[in-house]
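Trainee: One structure follows; several queries about it will come next.
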Amino acid sequence: MAKKTNEHAFAEDIKQAPLVVVDFFADWCGPCKMMAPVLEQLERDFSVKGYRGQVKFLSVDVEHHRKLAEDRNVMNLPTLMIFENGVAKEKVVGYRKYGDLKRYLKEKLAEC
């Protein structure tokens, strides 16, 4: 399961791997609930030999860390923010299928 982050740890957490995926979610969000198992599987996929340490997954509950979401202009849920070497590069808004996200993350990792 993705590490939950907050305002105090966020700046350091996004530097923990070349590619960091931050899931901004809320418990009441239906598409967020659909996305959760997709992200859990991706986290398992990218934790195996060959990818270990290259991709880190974080999560932010916007109900508890609203300012963190507001400061990053997160307007819709779920929103995935992609960080490369600690720098925000892209946002993926809305539910995405497992295969589509896996291909996308492999492409992003190749760019790092």
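From the backbone N, Cα and C atoms, a Cβ is placed for every residue, glycine too.
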Trainee: When you check TrEMBL, which of Cys29, Cys112 turns out to share a disulphide bond with Cys32?
Mentor: Cys29
Trainee: Helix, strand, coil residue numbers for the domain 'Thioredoxin' (1-110) per DSSP?
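Mentor: Split by secondary structure, the domain 'Thioredoxin' (1-110) comes out as 39 helix, 29 strand, 42 coil.
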Trainee: Can you tell which of the recorded sites (Gly30, Pro31) has the fewest other C-beta atoms within 10 angstroms of its C-beta?
Mentor: Gly30
